[in-house]
Each structure stands twice: as C-alpha cells, then as structure tokens.
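Per Swiss-Prot, the features are as follows:
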type: BINDING; residues: 27, 28, 44, 45, 73, 74; note: substrate binding site
type: BINDING; residues: 75, 94, 96, 168; note: Zn(2+) binding site
type: ACT_SITE; residues: 119; note: active site, proton donor/acceptor
type: ACT_SITE; residues: 226; note: active site, proton donor/acceptor
C-alpha cells in the first residue's frame, strides 16, 4: 500500500541528516496521497540510520493509524491539521535546525534581506505568536497546527512555504516530501544569512520590493522563466 509514497517519505527523512537539519531524532517528514486520503509519516523516536520504508506509519485524515506497527511521530496532529488547512501541499518537514530554531526562540520573523530569500519566499518568514497555557496543556500538537494556520491568515502558504513556531522551531512544506525538504534547507540557509547580515550591519534593511518581486516571480507563477521547464 502506498509503496511509492513510502519510498519518497523515507528518502526525504534520510535527507534530514544529509543536509544537517537534525540532531539525533529531532525531526520528521510526512507526505500525503490526496486521492487515497492517506498520510505517511516517520515513526516517533526511531534513528534515521535504522529507518526503513516498512517502519513508516500510514494514517487517515483523522490521524488514525491504518498501517504500521510503530507509533507515529509525536508531531502527527500538527501535520494532519496542516494538510487540512493547506490543501495544495503534498509534504511537510519539521526540524530543530539550529539557525531557524534560533530565530524561532527569539520570536522573530526572518526578514527578507537578499535575493536568496526572495527566490523562495515572497515575504518575511513569519514567526507565530506564543501559545497560550491552555493551548499547550491541552492538545498541544494540534494547537501548534492551529497557530500556524492562524499565522497564515496574513500570508500565502504557497508563496511562503515555511514558518517558525515561537519558542519551538521551523515547519516547512512543499508539493511533495522532497520539495518540502528543499524548502527546509533553503529556510535554514537564509536564517543563517540573515543572522550574519544583521551582525555585520545592525542597520540593514529589507531587500528592495521591486528586486524581491523580480526574483520571486522569475521562479514562480505563470510568467516564470528560471530553469529549463
């Protein structure tokens, strides 16, 4: 069942270590088959070096396990909520990558300071508000998804494929699991670039709007011309 999706999600999870986005087991990737209404996600606490396609857990859109003998990621309710809230995404990544998490712990958006950021995100990468005690105590992971969706009332999730959860870390998404990994790598890279830019020039300002839009829309949208497609 869902063998192709399992292979993709396995490959994406293994890329977390390849791209140095995780320490120990501090991250997870999922993918969704919209037609079959099934989600495939990493099991909780399993080392990446031990992970196989057979270890991955298959869920329905209520977050219930329909295949697999292991417990799904503890972040499963967040993934499930985001798949419902963002109907055009096909994969989700959560990590505690150091640079993006530093911004999340500071409670700050990552400002768009250059064209690397502009190539992938059409605005600042937002940081969510702090969660209320009641949201943390009851249904914490579900409420994490809700606070992300709340943040994207003011952003286009397809044009800003990532977010910083306040005091926690980044979530990224994409057209599929591997594309979500790509966006997570970019987010980590621009998080580091932004930090160093601010350290070098405390008065640095966001990229010129015209330049930002030029770089974003030459790669995205109906008139994109970057690449070979």
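Glycine is treated like the rest: Cβ placed from N, Cα and C.
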Between the Cα atoms of residue 74 (substrate binding site) and residue 96 (Zn(2+) binding site), what distance do you get, rounded to the nearest Å?
14
Cβ-based neighbourhood (8 Å from the centroid) of the substrate site, residues 27, 28, 44, 45, 73, 74 excluded
25, 42, 43, 46, 72, 75
Between the binding-site residues 94, 168, the one whose Cβ has the fewest other Cβ atoms within 10 Å is 168
Between the two most distant Cα atoms of the substrate-binding residues 27, 28, 44, 45, 73, 74, the distance in Å is 10
Which number gives the other C-beta atoms within 10 angstroms of the C-beta of residue 96 (Zn(2+) binding site), all protein chains shown included?
17
Out of 75, 119, give me whichever of these recorded positions has the highest number of other Cβ atoms within 10 Å.
75
In chain order, residues whose C-beta lies under 8 angstroms from the C-beta of residue 44 (substrate binding site), counting only those at least six residues away in the same chain, are 70, 71, 72, 73, 74
Pairwise CA distance, residue 28 (substrate binding site) versus residue 75 (Zn(2+) binding site), rounded so that it is a whole Å
8
Taking all protein chains shown into account, the Cβ-based neighbour count within 10 Å for residue 73 (substrate binding site) is 23
